Every structure is written in structure tokens, then in C-alpha cells.
């Protein structure tokens with residue numbers, strides 16, 4: 001026979017886990033926990049929610065008693081249902097109350113985070129999305145969020161693409177489409193790609209995806225019969241690139257408007273360096289897009 005305390009701790013853990021996974025403040029840090037840390041956090045938050053549920057249940061019982069329903073409304077129905085299903089089982093009233101309190105705690109864990117988010121956003125006169133971004137941004141410089149979280153968030157705020165330099169010197173410049181709390185890889189929509197030369201690690205851009213997309217769309221409009229996919233607009237998800245986090249050596253915001261200004265102040269290429277056309281030809285053979 002399972003002890004009631006074990007069931008109660010299980011309820012605490014489930015309720016707390018759901019709440020921590022959904023609340024905008026606890027979610028970033030909770031995703032990185034494991035083992036006993038996850039259990040302790042879940043049980044602690046679950047216990048707190050259970051106490052709130054007891055308070056709500058007590059207030060509701062008091063109001064119903066004043067309204068002429070001393071036994072409540074749901075409790076008698078639930079007890080009668082249990083007696084019908086299990087005729088020989090003695091089911092005391094406090095067990096019914098525990099079930100109702102657990103149900104209230106579960107409802108709080110599911111709907112409470114959104115209610116707290118909306119109420120807090122109204123008090124601060126901001127949108128819920130801005131509030132979540134602000135909290136996530138405040139955590140982006142700590143160890144509570146995954147690698148590259150800070151620069152990913154800055155990219156979202158400033159609207160600038162990110163240049164990812166990989167371990168094989170390949171470079172992709174584009175926007176991160178998905179931004180998860182527990183990231184092992186990035187899904188990037190590339191605007192341009194290239195490589196860093198071996199000798200000086202200069203950025204050499206090879207492929208312009210944006211121009212290729214415009215060319216494809218223009219071709220589809222001019223020759224609709226040749227458009228086998230029957231797409232009115234180009235589906236950019238076809239060009240997403242998956243980049244494992246472990247392969248990223250360096251990442252930085254990249255503003256194409258300032259490219260010419262930086263090129264003016266770059267040091268000339270060394271005499272031993274091959275020409276750009278030769279280097280580009282070599283890169284096409286050695287590094288695939």
C-alpha cells in the first residue's frame with residue numbers, strides 16, 4: 001500500500017514541474033537543471049502552489065457555507081461517484097478534499113503562469129512578449145542560459161544577422177529561426193555564406209542567398225509553367241541550415257551597411273596570399289556549400 005505522504009510528494013512534484021516549465025521567470029533556469037536539483041525545485045514550487053490551493057479551497061468552502069451549501073457543491077458529487085465505482089471502499093471526506101485541493105493546484109500550475117505574465121505586463125505597461133524578452137535578456141549574460149544566448153537575443157532586438165564561424169572556417173551569415181532554452185543546434189536562414197582564409201582568417205563571401213532567392217522568385221513569375229512547386233511565394237524554410245553549437249567557434253552581429261567602411265581600414269593582403277579569385281576557386285573545391 002502506497003503511503004499518502006508519497007502520493008502527496010508526487011503531487012507536489014508534478015504540479016511544481018508543470019509550473020516551472022511554463023512560468024516565464026523559472027523556465028530558462030529550470031531547463032538546465034537535472035536530477036535532485038530538478039526534483040527539489042519542482043517539489044518546492046509544488047508545495048507553494050499547494051498552500052495557495054488550500055487557501056483558495058478554504059475561502060471557497062467558507063463562501064459556500066454562507067450560501068447554504070455546507071457540504072459544498074463538487075465534494076458530494078465526487079464522493080457519490082467514488083462510492084458507486086467502489087461500493088466496498090470507505091472514502092473519508094478529507095480524501096475528497098485532498099483531491100479537490102490537488103485539482104486546484106494543478107489548474108494553478110497550468111493557467112497561473114499566463115495569468116501572472118499578463119497581470120505583470122499590464123502593471124508595467126508592456127506587452128507580455130516584451131516582458132518575457134526582458135527577463136530572458138537579463139539572464140542571457142549568466143550561466144543559467146545556453147551558449148550564445150546573449151548574441152542571439154541582441155540579434156532579435158537589433159534586427160541584425162549573425163555571422164557564425166565554424167570549426168572548418170566555413171561562415172554563415174543569417175538569422176536564427178528557432179531560439180530554444182535548451183539548444184544543441186541552431187536553425188539558421190542564411191543571407192550569405194563564405195569562409196575565412198587559412199592564412200589571415202579574412203572573411204571571403206562566396207554565396208549570396210538573398211540574390212538567389214530574388215532570382216528564383218522572378219523566374220517563377222516570368223515562367224509560371226516551369227514552376228513545378230506551384231508556389232506563389234518562395235518557401236524560405238527550404239534553405240534553412242542546421243548548425244550544431246559544438247561546431248561554432250565564433251559568432252558576431254554582422255551589419256552589411258558597414259562592410260565597405262571596414263574594408264577601407266583593413267591591412268592589405270600579404271604578398272604571399274593568392275588572389276581573391278584564386279582563393280575563391282580553391283574554396284569552392286575544398287569547402288562545399
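Keep in mind that glycine also has a Cβ here, set from the backbone N, Cα and C atoms.
When TrEMBL is compared with the stretches 84-111, 112-139, the one noted as transmembrane segment is 84-111. As annotated in TrEMBL, transmembrane segment covers the listed stretch 6-25 rather than the other ranges in 6-25, 146-165.
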